[in-house]
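Colleague: The following block contains the structure, expressed as structure tokens.
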Amino acid sequence: MPELPEVETVRRTLNELVLDKQIDHVTVNLRRIIQLPEEPDEFCLLLAGQTIHSVERRGKFLRFVLDDYTLVSHLRMEGRYGLYDRNDPLEPHTHVVFHFTDGSELRYKDVRQFGTMHLFPKGRELEEKPLNKLGLEPLEDTFTLDAFKGRLAGRSTKIKPLLLNQEYIVGIGNIYVDESLYMAGIHPEREADSLSRRELAALYEAIVRTLKEAVAAGGSSIKSYVNGQGEIGLFQHQFKVYGRQGEPCQTCARPIVKSVVAGRGTHFCPKCQPLKQKRVKKAAVR
Ligand SMILES: [Zn+2]
């Protein structure tokens, strides 16, 4: 599934490709992609004549800001956008086509068919599902060390599932959680409230650095991720632990281990990321 760096790369590419284009009409070939409004016909009707003013991102969601509406799009497993000429042959699994007045077309392809689109009156999208419960944006100025600590405070949950939960922090999925925890030297099964102030600061720095480096590399290409122009990201070559089980740790040379934490394949170095026990205050005994 694309995570923040991949969606951000798609967003930047789309901003170059479709800015100021006016939608003439829309074709929906697979109803289930359109979640709101319920009727795809209404979706098409509302979009006709609208111009795309910007493409923004909230967590792993793309937001197409139009004249009167905002289109919220989630790529889920394998959704992808591409800009085509109207005469280009339609590729299989093309489920939604935005036909522009200049003869070009933005096509949404999705082999797995898990992607979603919601259309809201402009501004309303932040107050309703699926965007209304999303947590902190890790690459915005609002993501400070204090805000990060605040989200984790008093949570005895294991740190990995907590970081994956989009209601706390958005955009980090399995890859970037594993990479951030490795960089910070924290075992994925540590309880969140057992982390010291130093560890919290290290983890905060690691999340920001990992995401920034991944965005700079155009995201990671695993499975079928490509950006809006069919280009692949390169951050997978910088993975330190993800997908590297059995390979030597770059710090201590012991083999990277893969296990399952909270139902997700999890990669870490048992030496550099020790599973320390929660410190229990001993009662004074005299
Ligand atoms: Zn190590």
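For all residues, glycine too, the Cβ spot is worked out from N, Cα and C.
Note that TrEMBL annotation is computational and uncurated.
Feature list, courtesy of TrEMBL:
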ACT_SITE  Pro2  active site, schiff-base intermediate with DNA
ACT_SITE  Glu3  active site, proton donor
ACT_SITE  Lys60  active site, proton donor
ACT_SITE  Arg264  active site, proton donor
BINDING   His93, Arg112, Arg155  DNA binding site
DOMAIN    2-115  domain 'Formamidopyrimidine-DNA glycosylase catalytic'
DOMAIN    240-274  domain 'FPG-type'
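Show me how these features fit into the structure around them.
Modeller: According to its DSSP assignment, Pro2 (active site, schiff-base intermediate with DNA) is coil.
The Cβ neighbour count for Glu3 (active site, proton donor), using a 10 Å radius over every protein chain in view, is 22.
Around Lys60 (active site, proton donor), the same-chain residues six or more apart in sequence whose CB sits under 8 Å from its CB are Met1, Pro2, Glu3, Leu4, Val7, His74, Leu75, Gln166, Val170, Gly171, Gly173, listed in sequence order.
Taking the Cβ of Arg264 (active site, proton donor) as reference, residues of its chain lying under 8 Å away and at least six apart in sequence are, in sequence order, Lys160, Leu164, Asn174.
The Cβ of Arg155 (DNA binding site) lies under 8 Å from the Cβ of Leu162, Glu191, Ala192, Asp193, each of these being in the same chain and 6 or more residues away along the sequence.
Taken together, the residues in the domain 'FPG-type' (240-274) have a mean pLDDT of 96 on the 0 to 100 scale.
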Colleague: Does anything in the same chain, at least 6 positions from His93 (DNA binding site), have a Cβ under 8 Å from its Cβ, and if so what?
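Modeller: For His93 (DNA binding site), the qualifying residues are Lys109, Asp110, Val111, Gln113.
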